[in-house]
């Protein structure tokens with residue numbers, strides 16, 4: 001695969017991933033959305049279908065890593081690091097494009113939600129959208145931050161970090177044990193199996209942190225949230241932002257090392 005194909009494939013694929021994954025979060029969160037309050041099952045399956053769609057669209061170009069953790073895990077297993085920066089650049093750009101497209105697609109809903117009198121008064125505000133609960137200690141993020149990035153239900157640094165590490169290890173091991181060391185393009189069932197693993201992680205391990213399991217998925221949209229001209233949007237919770245980046249990267253390295261030790 002050429003560097004150009006990798007870059008464009010990862011950019012397009014990750015943009016689709018975030019458009020559809022962030023889109024389901026917007027659909028569930030925003031008051032004027034027809035899917036308002038559809039719940040956690042909708043989010044978990046929505047992200048799974050987002051993975052499936054993004055992989056099918058981009059796999060022929062780049063192998064559809066779509067996730068710096070997958071790229072790092074594969075590099076640890078294979079020892080091939082030369083094109084890692086190209087993958088990461090495409091993934092970050094794609095994540096930001098996808099987040100911006102969510103805003104475009106739901107522009108009217110964002111405006112209506114963010115200017116709602118109850119929200120402004122703080123009567124119906126949930127600081128992290130659908131991925132946190134009202135009984136948790138309030139987080140510094142704004143009322144729609146959960147559409148763009150993840151946040152913890154309970155803010156305990158070591159637990160939040162451990163949850164991201166564990167979830168990412170499961171994901172990367174699932175990719176590697178399918179023999180998909182060049183990405184998901186080499187297997188007709190690889191996309192479906194990986195999508196189902198993402199659904200499983202969301203249902204089983206998503207409760208504590210909202211399961212980033214992908215640094216680009218969290219950091220790129222968080223940057224977009226900080227830049228967008230959303231009224232009354234609040235902060236982007238940069239104090240937490242390192243956890244959904246560091247946790248998945250550590251999990252990827254551990255998964256790659258474990259695969260080499262136990263499976264290779």
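Placement of Cβ uses the backbone N, Cα and C atoms for every residue, glycine included.
Residues or ranges marked as transmembrane segment in TrEMBL: 6-28 (among others).
Positions annotated as transmembrane segment by TrEMBL: 40-58 (among others).
Residues of the same chain lying 6 or more positions beyond the ends of the transmembrane segment (86-106) and with a Cβ under 8 Å from any Cβ of it are 3, 6-19, 21-23, 26-27, 30, 33, 62, 65-68, 71, 147-148, 216-217, 219-221, 223-225, 228, 230. What TrEMBL records for 86-106 (among others) is transmembrane segment.
What TrEMBL lists as transmembrane segment is 184-205 (among others).
Residues or ranges marked as transmembrane segment by TrEMBL: 239-259 (among others).
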Chain residues outside the transmembrane segment (6-28) and at least six past its termini with a C-beta under 8 angstroms from it: 34-39, 42-43, 46-47, 49-51, 53-55, 57-67, 83, 86-87, 89-91, 93-95, 97-99, 101-102, 105-106, 109-110, 129-131, 144, 146-148, 216-217, 220-221
